[in-house]
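Step one of this worksheet: look at the structure below.
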Amino acid sequence: MKIIGYTNLLILTFSCFLSAAFSRLLSSSCQLQGQFSLNGMHKTGDVVLGGLFEIHFFATYPERCCHIYVFSTVIDDLLCVSFDVIGLKQAQTMVFAIDEINRNPNLLPNVTLGYSVYDNCNQLGIGFLLGIVGDDSSTRSIAISTVLSFHYSTCACLSDRQKFPSFFRTIPSDAFQVRAMIQMLKHFGWTWAGLLISDNDYGLHAARSFQSDLGPSGAGCLAYTETLPWTDNPAELRRIVNVIKKSKARVVIVFAHEGHMIDLMEEVVRQNVTGLQWMASEAWTALADLQTPHFMPYLGGTLGIAIRRGEIPGLRKFLLHLRPDLNHNSYGNNIFWEHTFKCRFAPPPSGWVEAGGAICTGQEDLETVQTEFLETLDLRPEYNVYKAVYALAYALHELLQCEPGRGPFSGNSCGDLQRLEPWQVTYQYLILFVLYLAIVSCISDSTECISCPEDFWSSPQRDLCVPKKIEFLSYHEPLGICLAATSLLGTFFCAVVLGIFFYYRQTPIVRANNSELSFQLLVSLKLCFLCSLLFIGRPRLWTCQLRHAAFGISFVLCVSCILVKTMVVLAVFKASKPGGGASLKWFGAVQQRGTVLVLTSVQAAICTAWLVSASPVPHKNTQYHNDKIVYECVVGSTIGFAVLLGYIGLLALLSFLLAFLARNLPDNFNEAKLITFSMLIFCAVWVAFVPAYISSPGKYADAVEVFAILASSFGLLMALFGPKCYIILLRPERNTKKAIMGRGTTKS
């Protein structure tokens with residue numbers, strides 16, 4: 001990707017305006033004001049796609065009527081402030097999609113897509129390019145709607161095909177969002193609510209919908225409607241928060257831009273206004289800047305509408321390759337770098353170094369920091385940007401497949417790449433729009449059959465798309481509840497036994513056979529019980545990676561302790577014979593600890609190699625059922641999983657063989673018999689696990705693994721510690737050195 005410092009583009013600016021009048025201004029008072037230099041990211045191509053993204057939350061400018069903004073820090077006295085990591089991520093997603101399309105030999109062959117991406121600084125932005133991929137601003141979408149454009153803007157006003165024939169969106173309009181919020185108000189019986197809106201088309205049209213729909217629906221009434229200031233206006237924010245405080249309405253609905261919400265919440269925190277039930281529009285529902293300890297005491301429990309999530313394979317790897325441009329000072333990348341690593345590139349601002357600030361080198365490692373920029377498991381607006389780019393690409397592809405003399409235009413002509421007009425792409429896109437977004441299933445009637453989106457399925461009547469059922473081993477279903485409760489019960493039993501052994505730690509039966517190993521074994525069994533909880537709940541990247549590693553290391557620690565205990569039994573018996581005292585010298589406490597540590601470290605190395613080479617990842621599986629999405633963790637490397645299980649099995653088999661060989665020791669040395677029985681249970685469970693796991697689909701594979709973990713853990717706990725707890729608590733007369741050594745006792 002080439003970063004160009006400046007490029008000349010004609011842009012339009014508007015005289016002083018009100019947001020509600022934007023659409024009229026487009027047709028009546030729009031005029032060319034001049035030429036300005038726009039700073040952005042560019043790549044040349046046969047066809048150039050434009051992008052307008054909010055890479056800054058705010059722009060400040062002097063008190064004057066007309067203003068412009070660009071992709072730079074300061075231009076023509078306007079300053080872009082409050083860097084938005086998500087805005088840059090959306091812009092980079094567009095770049096990623098274009099690069100991916102250019103590498104695809106089956107999509108737009110022999111045609112290279114280029115791009116020009118700009119920061120709108122949350123101000124009105126207009127660009128004349130073949131196609132524009134835009135952000136979520138309805139006002140900016142209206143402004144550029146005469147150009148072929150694709151957005152995730154939600155304003156219902158943009159659905160007017162007469163006014164906006166070239167506008168397409170990848171998200172439902174606000175009409176659906178307002179209806180959903182009204183349904184929530186009715187469901188909870190909240191009949192008295194306040195409404196806060198942004199001072200733009202997004203907020204104003206939402207307010208109009210609420211005012212027209214809320215009363216007739218019987219959901220209640222609005223106590224007040226307040227418009228959040230577009231510019232920095234602390235006095236107005238104080239007034240609005242005072243209105244909220246004085247109102248008896250405890251429910252506050254906010255249809256507002258992210259930046260407006262941040263300013264509002266700062267004032268809410270300042271005045272310490274608590275006890276409100278907030279309802280969020282999609283613009284700020286998932287805003288990470290609000291999900292902080294500073295705001296959560298006030299926003300906890302917020303209900304909101306979220307944009308649909310999607311997956312973009314390869315995006316995270318692409319984002320990790322982002323680097324600052326030290327030679328040309330590429331604005332977006334360098335500002336992101338400074339924002340992420342809390343440093344400044346040379347030359348730093350005055351006083352920065354003196355205040356202890358760091359200097360950016362450009363060699364900092366992105367993988368060492370926590371940043372939303374690299375979070376790719378919850379792609380919502382980015383997924384819509386990705387879809388929009390592909391929609392344009394497929395429309396262009398089909399347009400260029402036209403055969404001369406059989407085209408859809410005047411005189412059966414085809415579109416010419418050198419003289420391509422936006423309306424020609426619009427025509428093609430109208431045909432392909434539904435088909436592009438679809439993957440499986442089908443809705444049919446007497447005249448046509450169209451496909452449903454990926455996560456949807458046709459209804460029984462085959463007349464509409466309905467969401468597919470989502471399946472995973474959940475805490476909210478009976479199976480998940482039972483397994484989780486059993487896991488916690490096993491953990492509790494381990495804690496009880498641990499408490500008993502600690503209380504009676506000076507008694508012979510606890511001290512025999514190394515009490516330290518017994519305590520280690522009980523702790524490892526607790527970990528075995530607890531690790532089963534990682535298999536319950538919706539699979540996430542961290543749970544997929546941690547579940548098998550925690551399982552493997554916990555069980556190896558457990559079996560290692562048992563193996564060492566078996567060796568101690570043999571060593572103690574040999575030492576009890578004449579001339580055998582030297583055997584314990586070579587297997588003392590230090591050697592026992594070292595053996596456990598080495599054996600466990602081998603498993604830790606296996607897990608590390610597995611996670612580094614082919615880490616388990618969450619996966620949406622649609623192969624099991626056409627009408628169901630199964631969320632599961634794919635193991636990544638079958639070999640890694642097999643080696644992990646095989647190592648546990650090897651140690652368990654070795655423990656079983658040693659204990660079995662020692663089974664004929666005198667009755668009082670019955671530790672070997674207990675170990676033999678426990679390892680027999682353990683091996684039987686895991687031998688049965690393998691075929692059951694392979695043959696179980698979806699969530700039932702997780703349930704089988706959890707069951708095997710719990711069954712083997714309970715088997716070890718009961719077989720090894722049940723008889724000892726029985727003697728400690730119910731037969732204390734047998735808890736003596738004489739009884740254990742076989743002197744002066746009678747068999748029961």
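Just so it is clear, glycine is given a Cβ too, placed from its N, Cα and C backbone atoms.
Per TrEMBL, domain 'G-protein coupled receptors family 3 profile' is recorded for 479-744. According to TrEMBL, the signal peptide annotation covers 1-23. Annotation source TrEMBL lists transmembrane segment at 478-505, 517-537, 549-573, 594-614, 634-662, 674-694, 706-729.
The highest tally of CB pairs under 8 A with the transmembrane segment (594-614), across 517-537, 549-573, 634-662, 706-729, is held by 549-573. Sequence-distant neighbours of the transmembrane segment (478-505) (same chain, 6+ residues past either end, Cβ-Cβ under 8 Å): 511, 515, 518-519, 522-523, 525-526, 529-530, 532-533, 536-537, 699, 703, 706-707, 710, 713-714, 717, 721, 725, 728-729, 735. Tallying C-beta pairs under 8 angstroms between the transmembrane segment (517-537) and each of 634-662, 674-694, 706-729 places 706-729 first.
Long-range Cβ contacts of the transmembrane segment (549-573) within its own chain (Cβ-Cβ under 8 Å, at least 6 residues beyond either end) map to 513-514, 517-518, 520-521, 524-525, 527-528, 531-532, 534, 583-584, 587, 592, 595-596, 599-600, 602-604, 606-607, 610-611, 644-645, 647-648, 651-652, 654-655, 658-659, 662, 665, 669, 671-672, 675, 678-679, 682, 705, 709, 712, 716, 720. When averaged over the domain 'G-protein coupled receptors family 3 profile' (479-744), pLDDT in the model lands at 85.
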